[in-house]
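Over in Swiss-Prot, the protein carries these features:
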{"type": "BINDING", "residues": "Arg13, Arg14, Glu15, Tyr16, Lys71, Tyr128, Arg132, Ser136, Arg196, Leu197, His198", "note": "substrate binding site"}
{"type": "BINDING", "residues": "66-71, 81-82, 87-88, Gln110, 145-146, Trp190, Arg200", "note": "FMN binding site"}
Amino acid sequence: MTENNEFDVADLRREYIRGGLRRSDLTENPLELFERWLKQACEARLPDPTAMCVATVDTNGQPYQRIVLLKHYDDQGLVFYTNLGSRKAQQLAENPHISLLFPWHMLDRQVIFLGKAERLSTLEVLKYFHSRPKDSQIGAWVSQQSSRISARGVLESKFLELKQKFQQGDVPLPSFWGGFRVKFDSVEFWQGGEHRLHDRFIYQREADAWKIDRLAP
């Protein structure tokens, strides 16, 4: 793109000096280490520490990625919510395999979950939906996610219309809005290290236990 060498991405580099990750730092259950790192990301005041890159694949094998917010996690899996007509929801209906990446750049860390996504029950979705701010609930009605629109004004007009409609009482749950639980069987932790000698550990589920291996950077 540039011939005068004013900007070359190959020259953008830095050392990773925030410390390493040793086997003695690991927990038996990867979710415990994930929770520790997530809390540290929050304490470090990282912007959107629960933001994760969600990767899905369409029927042609074309991968897609987008940023989504984590809303719950436990031993059963990681939970996020979305419009069920969205591209990611449609792709997960065809192929439930999914990857989640948490990029905590300021801490030189990332965590990758691999697994399968399954739809949440209506009761679970309803409980979360009504915990959201009312304007966010209305916003769920406004957006037919991933559909083509002529202008932003279309969304804003629809929002004002529905805000008036739902001014009194509760906002009902849209039939096209739901959530997914990612049941993971692989978790990789990456910690940046000096001289590009990064630390990587992968947890892989084996029956009722987790097998842990160190990976070359």
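Our numbering is plain: 1 for the first residue shown, then up by one each step along the chain.
Heads up, the Cβ atoms here are built off N, Cα and C, so glycines get one too.
Nearest to Arg132 (substrate binding site) in space, judged by Cα atoms and limited to the binding-site residues Arg66, Val68, Leu70, Tyr81, Arg200, is Tyr81.
A gap of 36 Å separates the Cα atoms of Arg196 (substrate binding site) and Arg87 (FMN binding site). In the three-state DSSP scheme, Gln110 (FMN binding site) is classed as strand. Most Cβ neighbours within 10 Å, among the binding-site residues Arg66, His198: His198 holds that distinction in the structure as shown. A 10 Å cutoff on Cβ-Cβ distances gives Gln110 (FMN binding site) a total of 19 other Cβ atoms nearby, all chains included.
The two recorded residues, Val68 (FMN binding site) and His198 (substrate binding site), show a Cα separation of 26 Å.
Arg66 (FMN binding site) and His198 (substrate binding site) have their C-alpha atoms 26 Å apart, to the nearest angstrom.
The CA atom of Arg87 (FMN binding site) is located 34 Å away from the CA atom of His198 (substrate binding site). Annotated pair Arg200 (FMN binding site) and Lys71 (substrate binding site), C-alpha to C-alpha distance, rounded: 26 Å.
All protein chains shown were included, and the count of other CB atoms within 10 Å of the CB of Arg196 (substrate binding site) stands at 10. If you take the Cα of Lys71 (substrate binding site) and the Cα of Gln110 (FMN binding site), they are about 18 angstrom apart, rounded to a whole number. Counting only same-chain residues six or more apart in sequence, the Cβ atoms lying under 8 angstroms from the Cβ of Leu70 (FMN binding site) belong to Thr50, Ala51, Met52, Leu78, Val79, Phe80, Leu100, Phe102. In the three-state DSSP assignment, the secondary structure recorded for Leu70 (FMN binding site) is coil. Packing around Val68 (FMN binding site) is summarised by its Cβ count: 18 other Cβ atoms lie within 10 angstroms of its Cβ, all protein chains included.
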